[in-house]
Amino acid sequence: MMRAQQSHTGYDAQNLESSPPPSQNLSSSCLVKESTQEESCRQDSRRSSAKYEAVKRENSPPSDPDTQRDSCSLQSSVVSSEDQHLINGLNKKQKVEAARDSNRRIPKDESKPTSYSSHEYVRNFRLRENAILAKNPSERTPEEQAKAERILTKRERNAEKARLKYHSMSAEEKKQYNRIKNASRTKRKRSKKTNNKKSKEVHMDCEQYSRQSSAEYEAVERENSPPSDHLECHFSLPDSSDTQCDSCSPQSSVVPSEDQRLVNRLKKKEQVAAAKDSHRRIPKDESKPTYSSRSEYDRNRRLRGNEILAKNPSERTPREQAIAERILAARKRNAEKAGLKYHSMSAEEKKQHNRMKNAWRTKRKISKKTTNTKSTEVHMDDDADDQESSHRHNQHDE
């Protein structure tokens, strides 16, 4: 009996150890119920959504499967392109920052590399500013007027800074600065000339093409036109074939002369540009040759200016009055410059300047005297010829 009880109690203890408490059984059963309820809810929602889609598919018109596939893949492509755009922007920012850092690390003595894009941006910005300033103030909008004022103040400030910087330079630095500035100016002028030449060549090619096309069009019209149109020219001037050709085609003789005129003008401009370049290349120590045409032009311009100034102000036209004011202002400005230049000279330079000026004056006086003597000699010769002719006439009458 005792052994049976012990075995029974041992079996009960084992069952008690292995079996969970009643509270644990309740919680596990509740969890199972909740999970089954959630699963059933999910299944119900899937069924209802499937039914809704089936009803929608039945009521909607038939669609192309390719378009459906494209519409499904459109969102993914848009998202990927946006992501790619963001990535490209970040990469570009990193590159710009790296370039700036590398540019900052270059010492001041070494020359820093210049980027073409920044130059192009600055040039376009300057062109836009010049376009605003070129407008008449009455035609500008309020925004453009404010911009123009800002541009002018900025340029004045920059000019003042550059002037102060130039005055603080040494003599060697000034020479180097002037050399670089003159080189950039000549380069700009040459580029402008080449651009103008290219545009003129393109314009001439376009004109030639338009003439060819117009000639072809006229030939086709002449072929398709009735014979009465051809007889007008044939019977207008039957005697001379040359005049007939000229009257029928007046443009044929005009066009070559226009082309020749353009070619001659371009050649003349090229010759003048080449002469100016060769004149600039001569060192300052050597004497530069003077061109008679240029000196003649300057002399004639000075004579015209003196004629306008010699007139009474009440007799001048408005245009002549404006020209006279410009001439007086220019002469005053040049006189001030010459005075400042003379005062900045040394004693030896002043002596040389005065010597050269006196030589020019004496040369001018001699040339004036020779011209006057020549004119008087010509006048005397004319008088002698008149006297001889009158004497012969009197003898013939007698």
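Cβ atoms here come from the backbone N, Cα and C positions, even for glycine.
If you check TrEMBL, you get these features:
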- 14-29: compositional bias 'Low complexity' (COMPBIAS)
- 35-47: compositional bias 'Basic and acidic residues' (COMPBIAS)
- 71-81: compositional bias 'Low complexity' (COMPBIAS)
- 94-112: compositional bias 'Basic and acidic residues' (COMPBIAS)
- 137-163: compositional bias 'Basic and acidic residues' (COMPBIAS)
- 182-197: compositional bias 'Basic residues' (COMPBIAS)
- 198-208: compositional bias 'Basic and acidic residues' (COMPBIAS)
- 219-233: compositional bias 'Basic and acidic residues' (COMPBIAS)
- 238-255: compositional bias 'Polar residues' (COMPBIAS)
- 352-368: compositional bias 'Basic residues' (COMPBIAS)
- 388-398: compositional bias 'Basic and acidic residues' (COMPBIAS)
- 1-120: region 'Disordered' (REGION)
- 133-320: region 'Disordered' (REGION)
- 335-398: region 'Disordered' (REGION)
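Sequence-distant contacts of the compositional bias 'Basic residues' (352-368) (same chain, at least 6 residues past either end, Cβ-Cβ under 8 Å): 342, 345.
Counting same-chain residues at least six beyond the ends of the compositional bias 'Basic residues' (182-197), those with a Cβ under 8 angstroms from any Cβ of the stretch are 266, 273, 277, 280.
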